[in-house]
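See structure below.
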C-alpha cells in the first residue's frame, strides 16, 4: 500500500493523501489489523502543523459540507491519553463556564486510556448527549450541550475497536477535541505533549477560532494543574501567537500534586463533580476546576486576565450559579450547600 510505505518512511502527507488516509480507515473492506497498522504508522511519525490542519479538515469535511455555527460558542477539552487518571475536570469546568452565559458545546467521548471519559460521566449523571441538529435549540434553552464524538463522526465509532487494540495514544487523541462539529469562536484545549502546543494552537487558528488557548499541564497533564508551571500558547484571530507559563500562585491558588486530582469510576467522578459544584469540596479538586474555568472565561473574553477568571469562577460556584446550570441539564438535581 503506497500510503503505508510513505508513512513508514515518515514522509509528510498532503491534503489529498490525508483524505485517502481517512477513507482507508473507514473502508468496510479493510481489516482492523491493516487499519491498526496504518494508524500506528501515522501516530509514530512526528506530525507537522500542516498535516494536523489537513487531517482536521479531512475529518470535518467527511461529515459536514459546511459546519454549523452558533455565535460565541466554546469548547473546553483535553486530548486525554495523559494516563493521570484524574477526575473529569473539563466536564466539570463546562458547567461553571456555561453558568456565565457562555454557549458551551463540549465534544467528548468514552474513555480509551482512563476509567471515565466525559461520555461515561454524563451517563452516570443521567444527562443525554445532544445531536448536532438539536444543539442550537438546546443552547437556546440551557446554554450547554454535550456531543458524543462517536455520534457526530461515524469514523470515531468505526475506529474505536482499533484504538482499543493499541497501547499508545493515536492521532485521534489530538484531533478529537479539535474537530468539534460546530465552527467555534473560542476553545481551550489541553495536551500532554509540549511538542504539540504550537501546532495545535495554529491549527485552531486555521480552523477559524477567534481566540484559543492550548495548555500543557505541569508534569504532563492535559489540563492546567496545580503542581507547577503550565505552558500556554494563546492565539487570537488578528494577533501573533503568544506563549507563556502560568502557575497556581500567579492566580491566587495553592500548589498541589497531580495525585490530588485522581478520580475513579464514573459514579465516583459524579460524586466529585457534585461536591465541587455544590460547594462542599474545597480541596485541590475545586481549585483545579476554577483554574481551568478561569482560563476559559479569559479566552471567552468575559474577563481581562486568567486571575480575574479564577475569581469569577469561584464566585459562580459560591453563588450557586454553577450547580443551577448543572440542574438545568435534566439529570439528578442538587442544591448549593457549601
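Easy rule for this one: first residue shown is 1, then count along the chain.
Placed from the backbone N, Cα and C atoms, the Cβ positions cover glycine too.
As annotated by Swiss-Prot, anthranilate 1 binding site applies to 78, 109. Its Cβ taken as reference, residue 78 (anthranilate 1 binding site) is surrounded by 28 other Cβ atoms within 10 Å in the chains shown.
When secondary structure is read from DSSP and collapsed to three states, residue 78 (anthranilate 1 binding site) falls in the strand class. The 5-phospho-alpha-D-ribose 1-diphosphate binding site annotation in Swiss-Prot covers 78, 81-82, 86, 88-91, 106-114, 118 and is backed by sequence analysis.
Using a 10 Å Cβ-Cβ cutoff, residue 223 (Mg(2+) 1 binding site) registers 30 neighbours. Following the DSSP three-state reduction, the secondary structure of residue 223 (Mg(2+) 1 binding site) is coil. As annotated by Swiss-Prot, Mg(2+) 1 binding site applies to 90, 223, with the evidence given as sequence analysis.
Annotated anthranilate 2 binding site per Swiss-Prot: 163, in sequence order, evidence recorded as sequence analysis.
Annotation comment: Swiss-Prot describes 222, 223 as Mg(2+) 2 binding site.
Candidates 78, 107, 163 (binding-site residues) were compared with residue 222 (Mg(2+) 2 binding site); those inside 10 Å Cα-Cα are 78. The Cβ neighbour count for residue 163 (anthranilate 2 binding site), using a 10 Å radius over every protein chain in view, is 18. When the binding-site residues 78, 90, 107, 163 are screened for a Cα within 10 A of the Cα of residue 223 (Mg(2+) 1 binding site), the ones that qualify are 78, 90. Taking the Cα atom of each, residue 163 (anthranilate 2 binding site) and residue 90 (5-phospho-alpha-D-ribose 1-diphosphate binding site) are about 22 angstrom apart.
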